[in-house]
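Colleague: Please find one structure pasted underneath; my questions will follow.
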Amino acid sequence: MGEAIVITSGKGGVGKTTTSANLGTALALSGKKVCLVDTDIGLRNLDVLMGLENRIIYDLVDVAEERCKLKQALIKDKRFECLYLLPAAQTKDKSSITPEQVKKIVQELKQDYDYVIIDCPAGIEQGFKNAIAGADKSIVVTNPETASMRDADRIIGLLEQEDMEPPKLIVNRLRNHLAKNGDMLDVDEIVSVLSIELLGVVIDDENVIKAANKGEPVALQPDSKASIAYRNIARRILGESVPLLSLEEDKGFFGKIKTLLGMK
Amino acid sequence: MAMVQKLQHNVTIKGTKDGLVLLLDDKCSFDLLVEELNDKLTAGSSQMLNGPVISVKVKAGNRYLTAEQEEKLLEVLKQKENLFLDHIESEVITKAEAEEMRKDAQVVTVSKVVRSGQVLDIQGDLLLIGDVNPGATVMATGNIYILGSLKGIAHCGTKGNEEAIIAASVMKPSQLRIAHHINRAPDSYPELGNEMEFAYISNEEKQIRIDRISAVHRLRPKLNSLL
């Protein structure tokens with residue numbers, strides 16, 4: 001029996017889908033059986049990030065309405081034997097499925113997979129309720145900016161009312177030089193306001209965008225900063241204690257970027 | 001029979017320098033009271049009861065007056081245009097009223113982070129051990145004490161108590177409300193030391209003011225229950 005983790009944020013565009021894709025990939029890299037579930041019905045993206053868009057035949061709504069078997073809708077990843085995707089429907093909307101249906105599907109998936117990663121849509125309405133229905137754990141993604149943090153706070157409040165473990169936090173798209181100058185919220189400040197456990201910090205890395213456009217999660221790259229961050233988060237989910245990347249290292253990284261830019 | 005009742009004086013009218021006090025007997029029936037009050041107001045002594053506006057206090061003793069009965073008394077008093085009902089007081093209250101009073105006097109301890117979109121509404125005083133995040137609201141009919149940082153909205157004295165205060169370890173609210181007074185936060189907070197502060201309505205300006213917590217015993221001496 002595996003566990004279901006929902007990736008959510010409240011605000012749109014903070015990197016829920018990217019996080020889902022990369023955590024799924026990183027967990028699969030560690031040899032776990034992983035199933036990604038996209039619950040963003042009508043605005044699905046997870047399949048695109050994974051490069052699996054053109055393999056979709058059946059989707060989540062088809063499974064919920066029993067037009068196909070669950071196994072028929074699952075798409076095996078190109079790269080990993082142990083990574084699967086259950087895509088969302090693109091032609092329907094959030095109300096075409098109920099939390100009970102999602103819960104049933106997730107329960108079924110948990111029998112076969114070590115981790116079921118549920119990608120949640122933005123907002124706190126039906127789509128959110130669907131996504132969290134079957135989850136045992138939750139991860140809240142936020143960006144180091146006030147609006148995103150406010151929404152994360154709201155979402156944490158809603159998650160705390162649910163019957164699941166306290167949510168954990170990923171700070172995504174941190175630009176360290178801005179945070180240091182005080183132009184951006186720093187991680188300590190975010191954690192002190194949201195007061196939940198920090199699972200990891202992902203630096204704003206252009207490799208993420210490049211990889212996404214190619215349909216290959218950045219976690220597959222051996223040495224990019226974001227990829228290391230995602231793999232570290234996956235290791236923390238697996239129960240290892242991995243220290244956060246220190247600020248000094250980050251400085252070195254930005255130093256490298258600067259020299260790279262200088263060379264160009 | 002009527003003679004005997006008159007002698008019993010179920011309704012006694014007393015004059016004080018603040019106005020009239022109606023002492024109502026608490027043994028006889030209510031109808032009898034109304035009848036006698038009616039008689040006394042309209043009959044012989046009516047001369048005394050004509051003139052400038054006089055405030056009237058009604059003391060009902062150990063009799064519980066329902067809202068209907070109070071209405072009835074008011075109706076009788078209204079016959080005299082110069083009489084103005086100040087209030088009706090009774091030695092007895094219902095269990096429900098007593099429960100309300102107990103709730104208004106209690107201190108409710110809550111330990112949690114009140115997050116954006118959440119509203120914590122308390123009857124009585126609120127002792128919050130935790131933060132009030134931006135976008136969150138805490139409300140109490142009495143005072144609000146926050147052991148943590150207040151960054152959202154706090155509303156004390158929600159039933160109109162202007163004496164209520166809001167105290168917070170870190171006072172950076174987006175809005176403060178005391179009774180029906182509202183105060184918006186400054187657009188930015190100066191980087192000062194983290195000194196515990198409290199908000200109250202100042203007597204002179206009738207406005208919400210913030211002062212150091214050490215001033216609370218001077219400005220709100222009634223908060224002190226240790227005499």
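Every residue, even glycine, has its Cβ placed from backbone N, Cα and C.
TrEMBL feature annotations, pasted as is:
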BINDING   A:Lys11, A:Gly12, A:Gly13, A:Val14, A:Gly15, A:Lys16, A:Thr17, A:Thr18  ATP binding site
DOMAIN    A:3-157  domain 'AAA'
Colleague: I'd like the Cβ neighbour count for A:Gly13 (ATP binding site), meaning other Cβ atoms within 10 Å of its Cβ, all protein chains included.
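Modeller: I get 11 for this one.
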Colleague: Specify all same-chain residues, apart from the site residues A:Lys11, A:Gly12, A:Gly13, A:Val14, A:Gly15, A:Lys16, A:Thr17, A:Thr18, whose Cβ lies within 8 angstroms of the center of the Cβ atoms of the ATP site, ordered by sequence.
Modeller: A:Ser9, A:Thr19, A:Ala122, A:Val141, A:Asn172
Colleague: Going by DSSP, is A:Lys16 (ATP binding site) sitting in a helix, a strand, or coil?
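Modeller: Assignment for A:Lys16 (ATP binding site) reads helix.
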Colleague: Which Cβ among the binding-site residues (A:Gly12, A:Gly15) has the fewest C-beta neighbours inside 10 Å?
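Modeller: Each of the binding-site residues A:Gly12, A:Gly15 was scored; lowest Cβ tally within 10 Å is A:Gly12.
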Colleague: Restricting attention to the domain 'AAA' (A:3-157), give the mean pLDDT.
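Modeller: Averaged over the domain 'AAA' (A:3-157), per-residue pLDDT gives 94.
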Colleague: Is A:Lys11 (ATP binding site) helix, strand or coil when read with DSSP?
Modeller: coil
Colleague: In sequence order, what residues of the same chain, 6+ apart, have a Cβ less than 8 Å from the Cβ of A:Thr17 (ATP binding site)?
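Modeller: Same-chain residues close to A:Thr17 (ATP binding site) (Cβ under 8 Å, separated by 6 or more) are A:Asp38, A:Asp40, A:Asn45, A:Leu46, A:Leu49, A:Asp119.
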Colleague: Quick check on the binding-site residues: of A:Lys11, A:Val14, A:Lys16, A:Thr18, whose CB has the lowest count of neighbouring CB atoms inside 10 Å?
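Modeller: If we count Cβ atoms within 10 Å for the binding-site residues A:Lys11, A:Val14, A:Lys16, A:Thr18, the smallest count is at A:Lys11.
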